Structure formats: structure tokens, C-alpha cells
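Read the structure below first, then the notes.
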Amino acid sequence: MNALAATSRNFKQAAKLLGLDSKLERSLLIPFREIKVECTIPKDDGTLASFVGFRVQHDNARGPMKGGIRYHPEVDPDEVNALAQLMTWKTAVANIPYGGAKGGIGCAPEQLSVSELERLTRVFTQKIHDLIGIHTDVPAPDMGTNPQTMAWILDEYSKFHGYSPAVVTGKPIDLGGSLGRDAATGRGVLFAIQALLEEYGKSISDQRFAIQGFGNVGSWAAQLISQAGGKVVAVSDVSGAVKNDSGLDIQKLLKHSLESRGVKGFSGGDALNQNSVLIEDCDVLIPAALGGVINRENANDIRAKFIIEAANHPTDPEADEILSKKGVIILPDIFANSGGVTVSYFEWVQNIQGFMWDEEKVNSELKNYMIKGFKDVKEMCKTHNCDLRMGAFTLGINRVARATVLRGWEA
């Protein structure tokens with residue numbers, strides 16, 4: 001099931017639980033604005049190349065729209081639409097004053113030189129600069145983009161609007177980026193796991209973890225979990241997978257993964273088929289890579305008791321049903337991976353105030369938001385007698401619906 005269908009299905013289910021008015025329900029689903037622009041740049045060899053860039057701005061009832069920009073060959077409008085919508089619910093669940101957006105450029109970043117990427121980013125910014133802004137829409141990095149990309153957007157945007165560090169988040173520290181932003185999603189995942197396990201009278205130190213994906217989120221989650229005394233028994237990434245029943249040495253694995261560009265061939269564990277990391281014997285499974293990896297084909301074989309969705313929509317709705325019958329507890333993406341956007345919010349706040357925080361403050365504020373978020377989700381689960389995914393969706397959608405009605409959407 002594609003991302004848009006899965007998201008819409010979850011939305012409709014939650015709207016039904018909330019008893020939303022059907023006109024309001026339709027209005028909440030339709031994006032506020034969809035932008036599509038042509039970006040033509042001279043390549044280093046003097047030829048011209050054209051790329052299509054876009055931005056879906058989904059909802060701004062609760063504040064400026066917020067979401068990543070990805071550079072990827074298959075930037076599919078449907079998927080971007082779904083991810084923009086997910087950002088609307090995610091920011092509402094986290095209770096930060098934003099709506100949702102998402103965007104990208106259809107390109108293969110690894111086939112472009114740094115100067116070509118810079119030209120492409122600047123042309124894209126020129127085309128959308130009057131549609132983004134500190135109080136309108138605040139982009140951030142996503143797949144294929146990074147703090148350098150944000151620095152170029154900031155510079156190009158500032159040529160039109162004056163120096164505006166708060167127009168993007170995920171910036172380099174030297175240009176107003178926040179301390180703790182790099183680890184934020186992974187750290188949020190840690191706080192989310194702690195809150196969930198506490199609910200069941202368990203702690204991180206007595207659980208065994210398997211992590212799919214060893215990029216930014218997966219590697220930070222692995223480091224922080226092992227520092228908290230958890231045992232990471234299996235890890236996979238695009239290069240391969242590795243397991244060790246008595247626990248992998250995460251620091252050594254990190255070093256190996258940086259040197260060999262992947263976890264494959266790590267001497268501190270046994271090689272493993274990439275896909276079997278999902279069905280490895282563990283207590284907590286953390287999918288931290290792509291969407292749709294847990295589906296009806298493999299759901300029956302999953303042995304974990306808890307699944308923490310660090311990736312966006314890693315679990316198909318069909319797998320959801322199979323797993324809930326098995327009694328597996330799933331902590332949904334719109335809560336579990338909201339640490340990143342929460343610290344992006346802190347970055348934006350710091351930029352607007354012109355006053356930067358130390359890392360300790362960033363991390364302790366993040367912890368407060370994650371713990372409060374978990375309590376709010378649990379409240380909704382009790383109210384509507386539903387699982388954590390519906391608890392999170394009803395919480396987010398209800399907040400957006402209330403803001404929409406209060407602002408007077410029928411006028």
C-alpha cells in the first residue's frame with residue numbers, strides 16, 4: 001500500500017473515532033497549496049539540465065508549515081503529499097505551533113557535483129522564495145539534503161528578504177543551527193522507548209534491540225540505547241547486516257561503518273541477510289530506514305514484542321492488523337520520530353529570539369516534550385479505546401480540527 005493510501009486510511013479511521021463533520025474532514029485532507037517549478041541549471045560541462053522541484057503545503061491552521069526537502073530521483077507527488085499530511089499530524093501530536101509541508105527536487109544528488117547542487121538549490125529557492133518564510137513555511141533537510149543545502153537556501157532567501165536565519169532549520173551551527181539537532185530524532189526515539197517501556201514495568205537495560213537502518217536516526221538511536229544499558233543485538237543498513245547475540249559494540253560498529261561506508265564486514269558480529277533483521281529474535285524492533293518494510297509478507301514472522309517506528313510509515317496497515325492480533329505493541333511514527341521536528345522548532349525559536357541555548361537545555365526540553373506527548377497519546381487511547389497509532393492520529397487530528405474551527409473555516 002503506498003504512503004498516501006496508508007495515511008488517508010489512518011486519517012479516515014481517526015476521523016470516524018472523533019466523529020468529525022464530513023465537510024471538515026474533507027477540508028483537512030486537501031492540501032493548502034501545491035507548488036511545482038522548473039529548475040534549469042548549467043552543468044559543469046556547459047550543457048543545460050532541467051529538474052522539477054515542488055513543495056506541498058498541507059495545512060497552516062496551527063502555525064507556519066514545516067517539513068523537509070528531499071533530493072531523490074523518484075520524488076513522487078503522491079508520496080510528498082502523504083508526507084506533508086503526516087507532518088501536519090506530527091507537529092500537532094508534538095504540540096508545537098506548526099502545520100505540515102514537504103518538498104523536493106527529482107534529481108540524483110550523487111550524480112551532481114557540489115557546485116551543480118548549489119546552483120540547483122539556489123534556482124529552486126529563487127522560484128519558491130515568496131512562498132516560504134519564517135511565518136509561512138520553514139523547510140528542513142530530508143533524504144539527499146543536509147545542513148549545507150540549508151545554508152544555500154538561507155543565503156539565497158536572504159538576498160530577497162534580508163538576513164533570516166529562521167527560514168530553514170537543520171542549519172550548520174555557525175549559521176544559527178541548534179546544538180543537539182543532529183542527534184535529535186534518535187534521542188527522541190530513546191525518550192519514546194523509555195516512556196513506553198516504563199508503562200509496562202520494563203527498562204531499556206533489560207531489553208534486546210534490533211535496528212533496521214544505520215543512517216542518522218538508526219546510528220544515534222543505537223548509540224544512545226547502548227549508553228542507557230540496552231543490548232543492540234542486530235543492525236542492518238544498505239550494505240548488509242550484522243548480529244551478535246551478546247550485544248554489538250556500537251562504538252566500534254560506528255567506526256567501522258564510517259570507514260567501510262556500511263556495517264557489512266564488521267568483525268564484532270556475524271553477517272546476516274539484510275531483510276532478516278526485521279524477524280531477528282529481539283524484544284524491541286526499530287525500523288529506522290524506509291517506508292513499507294513491515295508488510296503482510298513478513299508480519300507473521302516478527303518476534304519483537306515492541307516496534308518503535310523511527311522511519312516514516314514503515315508498517316503497512318495490513319501488517320498493523322496482523323501484529324495487533326499477535327499482541328505486538330507499535331509506537332507510531334508520528335510520535336516516535338517527532339524528536340527531529342521538535343528540536344527544529346527549538347532552533348527556530350532560538351533564531352527568532354536571537355538567543356541560543358546550550359545542548360543540555362535542548363535535550364532536557366526535548367525530553368519534556370516527548371514525555372508529555374506520550375501522556376497525551378495515552379489519554380486519547382483511553383478516551384477512544386484504541387491502539388497507540390489511533391491514539392496519536394486522533395490526538396493530532398483533533399488539535400488541527402479544533403484550531404481550524406476556532407479560526408472560522410466556513411467564513
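The backbone N, Cα and C atoms fix where each Cβ goes, and this holds for glycine too.
Unlike curated records, TrEMBL annotations are generated automatically.
Here is what TrEMBL records for this protein:
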- Lys66, Lys90, Ser344: substrate binding site (BINDING)
- Lys102: active site, proton donor (ACT_SITE)
- Asp142: site 'Important for catalysis' (SITE)
- Thr185, Asn216: NAD(+) binding site (BINDING)
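All features noted in TrEMBL, drawn onto the structure.
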residue : record                    : Cβ contacts under 8 Å, 6 or more apart
Lys66   : substrate binding site    : Met87, Thr91, Tyr98, Gly99, Gly100, Ala101, Asp137, Val138, Ala140, Thr169, Val341, Ser344, Tyr345
Lys90   : substrate binding site    : Gly100, Asp333, Ile334, Phe335, Asn337, Ser338, Val341, Gly396
Lys102  : active site, proton donor : Arg55, Val56, His58, Gly67, Gly68, Ile69, Arg70, Val80, Asn81, Leu83, Ala84, Met87, Asp142
Thr185  : NAD(+) binding site       : Asn216, Val217, Trp220, Ala310, Asn337, Gly339, Gly340
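By neighbour count, meaning other C-beta atoms within 10 Å, the densest spot among the binding-site residues Asn216, Ser344 is Ser344.
The Cβ of Asp142 (site 'Important for catalysis') has 21 neighbouring Cβ atoms from other residues within 10 Å, across all protein chains displayed.
Apart from Lys66, Lys90, Ser344, the residues listed for substrate, the same chain places the Cβ atoms of Gly67, Met87, Thr91, Ala94, Ile96, Tyr98, Gly100, Ala140, Ser338, Gly340, Val341, Thr342, Tyr345 within 8 Å of the centroid of those Cβ atoms.
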